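The domain 'CHORD 1' annotation in Swiss-Prot covers 5-64. Annotated Zn(2+) 1 binding site per Swiss-Prot: 5, 10, 24, 64, in sequence order, evidence recorded as sequence analysis. Here Swiss-Prot flags 28-31, 70-79, 173-176 as motif 'SH3-binding', drawing on sequence analysis. If you look up Swiss-Prot, you'll see 80-92 marked as compositional bias 'Polar residues'. Look at Swiss-Prot and you will find 150-209 tagged as domain 'CHORD 2'. For 150, 155, 169, 209, the entry in Swiss-Prot reads Zn(2+) 3 binding site, with the evidence type sequence analysis. According to Swiss-Prot, the feature motif 'SH2-binding' maps to 159-162, 235-238. Residues or ranges marked as Zn(2+) 4 binding site in Swiss-Prot: 172, 187, 188, 204. Summarising the annotation, Swiss-Prot assigns domain 'CS' to 216-305 and lists sequence analysis as the type of evidence. The compositional bias 'Acidic residues' annotation in Swiss-Prot covers 321-350.
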């Protein structure tokens, strides 16, 4: 007899006679909806898309349950206390610049590549995009710069002139696939655990080079935070995993994101606080990229970037306007309000 499992996140039918301790993968916590973000109290995954929220894989393994569980309404505010683990209260008072300076590591390790997590929806979009698409078709050679790299994944050719078009392009027409630590391309069956070996895999198709020029993109981007994680979100259509990378050290972040149409978003910043690089990651979705930075110490950040970083960008005339969505207004001396701007203008007028 087949029974329906009522564990949250499962919903599968099972045979009671073959119900084992690892048969069910479910969420023991409760759903959390906060400022358009949706997730479970028992794990860190957050999304703004409701269908992706429903498809978040369970974080706990156990027995299937045939008894209907009592309904628990979604929690409308910040992270809930899980029945398995008591969470620490959010420290809403940002640390001062002096405290941040004392706590920053004295010696910096070189930035490391953060792992890229490709959503199932993006994988489908990339596979649809590759159908009947010949790279490099219709490109005007007069628009190609000498020294431009071929944009096809797996090809490292460099444009030296019209004669470069005569050389074959060996590339991967498919999309990258990352599953349970294994990395491969959808167009060929070679799988590897090492990310460097994955990038070095030779292409499986021969075609034309794609010398398309990458255009700087003015992408909308914002950030939000919880007690333990800071999330920087960059919005754009169809990020291309093969060309994207994000590097981070404990106090610095370097971002290079390529979207469909060869539009590129780049950013470099010193972070307000210290992060745990090993636990941080990047999630790629059809309409955005989320960079999740795990804080080294729980607490609130007054802003995303360190004051020194903002001052340097202001002097260079490239100050990035970041919109912090979740945290409350800070009384920190580093905050600058419109009223203070008006007072300064009046003082200068006198």
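Even glycines carry a Cβ here, placed using N, Cα and C.
Compared over the binding-site residues 24, 150, 187, 188, the count of CB atoms lying within 10 A of a residue's CB peaks at 150. In this view, the densest Cβ surroundings among the binding-site residues 172, 209 belong to 209, judged by other Cβ atoms lying within 10 Å. In this structure, the binding-site residues 10, 155, 169, 204 were compared by how many other Cβ atoms lie within 10 Å of their Cβ, and the smallest count belongs to 204. Sequence-distant contacts of residue 5 (Zn(2+) 1 binding site), defined as residues of its own chain at least six apart whose C-beta falls under 8 angstroms from its C-beta, comprise 11, 12, 13, 14, 24, 26, 64, 65, 66. In the three-state DSSP scheme, residue 24 (Zn(2+) 1 binding site) falls into the strand class. Separating the Cα atoms of residue 10 (Zn(2+) 1 binding site) and residue 169 (Zn(2+) 3 binding site) is a whole-number distance of 45 Å. Looking only at Cα atoms, residue 150 (Zn(2+) 3 binding site) sits nearest to 172 among the binding-site residues 172, 187, 188, 204. DSSP labels the residues of the domain 'CHORD 1' (5-64) in these numbers: 8 helix, 18 strand, 34 coil. Cα to Cα, residue 155 (Zn(2+) 3 binding site) and residue 172 (Zn(2+) 4 binding site) are separated by 8 Å. Closest by Cα distance to residue 209 (Zn(2+) 3 binding site), from the binding-site residues 172, 187, 188, is 172.
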